[in-house]
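As written in TrEMBL, here are the features:
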type: BINDING; residues: LYS5, PHE6, GLY7, GLY8, THR218, ASP219, ARG229; note: ATP binding site
type: BINDING; residues: THR49, GLU120; note: substrate binding site
type: DOMAIN; residues: 388-452; note: domain 'ACT'
Amino acid sequence: MIVCKFGGTSVANAQQIKKVANIVKANPARKIIAVSAPGKRTDDDIKVTDLLIQLANSVLQGVDIELKLNAVIERYADIASELGLDDTIIQVITSDLNERLASDKSEKAQFMDNIKASGEDNNAKLIAAYFSSIGMPAKYISPKEGLIVNDLPERTFALPETYVNLSKLAHVEEIIVFPGFFGYTKAGVLRTFDRGGSDITGSILASAVGAELYENFTDVDCVFSANPRVVNCPVEIKEITYREMRELSYAGFSVFHDEALMPVYKQGIPVNIKNTNNPDAPGTHIVPKRPAAGSPVTGIATDSGFSILYVSKYLMNREVGFGRRLLQIIEEENISYEHTPSGLDDISVIMRSHQLNDEVEARIIKRVKEELHAEDALFRHDFSMVVIVGEGMRHNTGLAARAATAISNTGANIEMINQGSSEVSLVFGVRSQYENQILKALYEEFFAHTTV
Ligand SMILES: Nc1ncnc2c1ncn2[C@@H]1O[C@H](COP(=O)(O)OP(=O)(O)O)[C@@H](O)[C@H]1O
Ligand SMILES: N[C@@H](CC(=O)OP(=O)(O)O)C(=O)O
């Protein structure tokens, strides 16, 4: 049995959904599909999930929602009419949205999740209706059937019973169309995963039914060694290990969600990233192990949106527990951090900027100065992390020097270097304004002479 996930671009309009039907039809082993909400039809289009976020915000602000609600319904109505479906499905979708909009708003995050998740939920109903209409027996199955997630306040993750609950789907006769991106708590509260989280749903399903393969369909032929929107025609990655893929996804390869690897990794289920627009292309295989390739570097990822908390105190290195107490302050603000490079008298804590605001920063600085008696403590913003990843890197000397030289040649200053202890990745912190220039320079250094 194969579990497939079709991303937003694969289900963005009727033409794409017809391709999905053909892909599923082409292999009877494709029995379970997880689908996203309709994504961008063109580069300047708006994803349905983003339309829904705008809609929910308008409701919470008490402003008129008619235009926003119509924009969402029209996306489905256009798809349904082009697929030759009658009005019934649009009535189902409209009343579902109205019901969600009328639901309790006292918990804003819950209301937002409920509206956001309708994108996938209604698209799954529509796609199941379409499959059935063309003689492909299909069944919409709600995550209520067993995708159980944790309660707030942590990030959403599936609880172990999910895998037991959903294992029964292996015996359903029809093709299952399952909405991605969300689950329900034990108390029945809907919670969404992070953005891009339909990849996680597909992986959970693959693991639960013990699939032979998890196919993740997107709009590119494969995972490339660098973001194809920045580097022209980057080298295609044919095979990549779970570990390399996780590092690269976390560091900015938005093609596959980093948290989507854990469920399949645990069971050793191989993953194949494929293109809905070119399903015959072999795609990228994510596997437990792969033979050593020509280049020690498999991919280079970049991501912006980082801030650095810089703290200095004379003789910090002699003070037992300084680092722990600093991180405790960060923890008490419910902030997660990425790196903590340190020197004799100073330490930096690198974190994602979206967790900060003026108030939080002021509170942290005050506590660091008062409780830790730091001489200096300040936040710096607009940093990017550039991450070089490859299983072959640990057998290769001089790689860090080559990377540092390539970065310096762009004129950028390296603010931080961190070599992961697994030696599968090397991280450089730089000012965001240099991010793309640096990616191009590093790509040139490590891949320019690589042939596939
Ligand atoms: N290294 C990479 N390899 C392939 N695609 C990448 C990479 N980095 C970023 N991307 C982008 O990821 C996009 C696919 O992910 P996403 O938009 O989430 O698709 P989907 O709609 O299938 O979920 C591609 O169109 C591409 O622009
Ligand atoms: N629709 C959700 C979940 C998702 O995975 O979407 P996509 O497959 O378009 O990345 C989002 O936009 O975040």
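Placement of Cβ uses the backbone N, Cα and C atoms for every residue, glycine included.
Because TrEMBL annotations are produced automatically, they should be read as predictions rather than curated entries.
Long-range neighbours of GLU120 (substrate binding site) (same chain, six or more residues apart, CB within less than 8 Å of its CB): VAL35, SER36, ALA37, PRO179, GLY180, PHE181, PHE182, SER198. For the pair formed by THR218 (ATP binding site) and THR49 (substrate binding site), distance between Cα atoms is given as 17 Å, rounded to the nearest Å. Within 10 Å of the Cβ of THR218 (ATP binding site) there are 25 other Cβ atoms, across all protein chains. Here THR49 (substrate binding site) is positioned 18 angstrom away from ASP219 (ATP binding site), judged by their C-alpha atoms. Using a 10 angstroms CA-CA radius around THR49 (substrate binding site), the binding-site residues that qualify from LYS5, PHE6, GLY7, GLY8, ARG229 are GLY8. Broken down with DSSP, the domain 'ACT' (388-452) shows 31 helix, 13 strand, 21 coil.
Taken in sequence order, the binding-site residues LYS5, PHE6, THR218, ASP219, ARG229 that lie near ligand 2, meaning a CB under 6 Å from one of its atoms, form an empty set. Proximity to ligand 1 at the level of Cβ atoms, with a cut-off under 6 angstroms, picks out GLY8 from the binding-site residues LYS5, PHE6, GLY8, THR49.
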